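**Q** Questions regarding the structure given below will be posed in turn.
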Amino acid sequence: MKIATFNINGIKARVGALADWLDSAQPDVAMLQEIKSVDENFPRELFEERGYNVATHGQKGFNGVAILSKLPLEDVTRGLPGDDEDEQARWIEATVVGKTAIRLCGLYLPNGNPAPGPKFDYKLAWMERLQARAVDLLAAEEPAMMAGDYNVIPQPQDAASPEDWTEDALFRPDTRAAFQRIVNLGFTEAVSTRLPGPGHYTFWDYQAGAWRRNNGIRIDHILLTPQAADLMRDLGIDKEIRGYDKPSDHVPVWVDLDL
DNA sequence: ATGCCACAGCGTCTGTGA
C-alpha cells in the first residue's frame, strides 16, 4: 500500500498538478496539507472519479488537511486533541484496512515564525499536544503513522544552507528538540532511515531561484510506529514534480507498506 | 536589512506562508 503526504499549497491552484501527480504516482492513500479551502468548496469529484474516498478538515483561506484513499476511510476524526479553543484545521485521522489495519494521521504543523513570539509559542504548544497523541498511538502497539508538513528541519544536513535558518522557527533548538523527543518515543522517522545523509529535500521556496539552485529543506516527514515500520518496503520523494508547471513549493513523500 | 514568490479572499491590497 503506497501512502503519500503532500503539502499542495492550495487546492484551487493545484487541481491540475495534483491530478497529474495522482495519475502518474498512483498512491493508494494521499494525505494533503494546506488545502486552503472550506470543506464545501473542496473538489471531491476530482478525486472520487479517480476512485478515491475523500475526508477533509478545512477552513477559510489557509491551513486545512485532507485524506484521499482508495480503501474506505473509517473512524475519521478531525482536530488535534488537547485544546478545545484551537480552531486551526491542522490534523485529521482515519483508519484504512488492508491485510491489516493502520491508523493514519495527517498533520500540518504550525510554521511558528516570527520567533520568538506568540506564533512560535503556538507551534511549541501544538508540538506538546502532538507528543501526547503520539504517546497514545505507541501505547496501542498497532500500525500507525503520522505524516505531513512538520515545518521542522531536523538536522543541519536537512538544509542546503543551514546557516540561513539559525533564527528561523523551523530550525531553532526548541523546535528540533521537540521533534526529536517525539521521534525518540519509539517512532521510525522513515525518510532519514531509508535515505540517510544530506540532500533529501522536500521543499524549495518559490523565491530567489531556490529550486534552480537546489536550495531546499527537508520538512515533510513520515513517522511510523514499530508495528508500521516492520511493514516498510520502500520510500521515495517525488522531487521531479517541483519542476513542472504550477508546482506547489513542497513535493510528495511516500512510503510503501506491506498492508 | 529587505525583498525575492505564491495563494486566498470581497481583493486592485492584506494576511499568511517558510
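Using the three backbone atoms N, Cα and C, a Cβ is placed for every residue, glycine included.
Checked TrEMBL, it gives:
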type	residues	note
BINDING	A:ASN7, A:GLU34, A:ASP149, A:ASN151, A:ASP249, A:HIS250	Mg(2+) binding site
ACT_SITE	A:ASP149	active site, proton donor/acceptor
SITE	A:ASN151	site 'Transition state stabilizer'
SITE	A:ASP220	site 'Important for catalytic activity'
ACT_SITE	A:HIS250	active site, proton acceptor
SITE	A:HIS250	site 'Interaction with DNA substrate'
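If you look at the structure here, what lies around each of the features I listed?
**A** Secondary structure at A:ASP249 (Mg(2+) binding site), taken from DSSP and collapsed to helix, strand or coil, is coil. Other Cβ atoms within 10 Å of the Cβ of A:ASP249 (Mg(2+) binding site), summed over all protein chains shown, number 18.
Every protein chain considered, the tally of other Cβ atoms within 10 Å of the Cβ of A:ASP149 (Mg(2+) binding site) stands at 28.
Around A:ASN151 (Mg(2+) binding site), the C-beta neighbours below 8 angstroms that are at least 6 residues distant in the chain are A:LEU109, A:PRO110, A:ASN111, A:GLY112, A:LYS123, A:ALA169, A:LEU170, A:ILE219.
The 10 Å shell around the Cβ of A:ASP220 (site 'Important for catalytic activity') contains 25 further Cβ atoms across the protein chains shown.
Around the Cβ of A:HIS250 (Mg(2+) binding site), 22 further Cβ atoms fall within 10 Å across all displayed protein chains.
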**Q** Hey, does DSSP put A:ASP149 (Mg(2+) binding site) in a helix, a strand, or just coil?
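**A** It is in a strand.
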**Q** A:ASN7 (Mg(2+) binding site) to A:ASP220 (site 'Important for catalytic activity'): how many Å between their Cα atoms?
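**A** Per the Cα atoms, A:ASN7 (Mg(2+) binding site) and A:ASP220 (site 'Important for catalytic activity') stand 8 Å apart.
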**Q** Relative to the Cβ position of A:ASN7 (Mg(2+) binding site), how many further Cβ atoms are located within 10 Å?
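**A** Taking every protein chain into account, the count is 26.
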**Q** What is the set of residues, excluding A:ASN7, A:GLU34, A:ASP149, A:ASN151, A:ASP249, A:HIS250, whose C-beta falls within 8 angstroms of the centroid of the C-beta atoms at the Mg(2+) site?
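**A** For the Mg(2+) site the neighbour list reads A:ASN9, A:GLN33, A:TYR108, A:PHE203, A:ILE219, A:ASP220, A:SER248.
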**Q** Given the binding-site residues A:GLU34, A:ASP149, A:ASP249, A:HIS250, which one's Cα is the least distant from that of A:ASP220 (site 'Important for catalytic activity')?
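**A** Comparing Cα positions, the candidate nearest A:ASP220 (site 'Important for catalytic activity') turns out to be A:ASP149.
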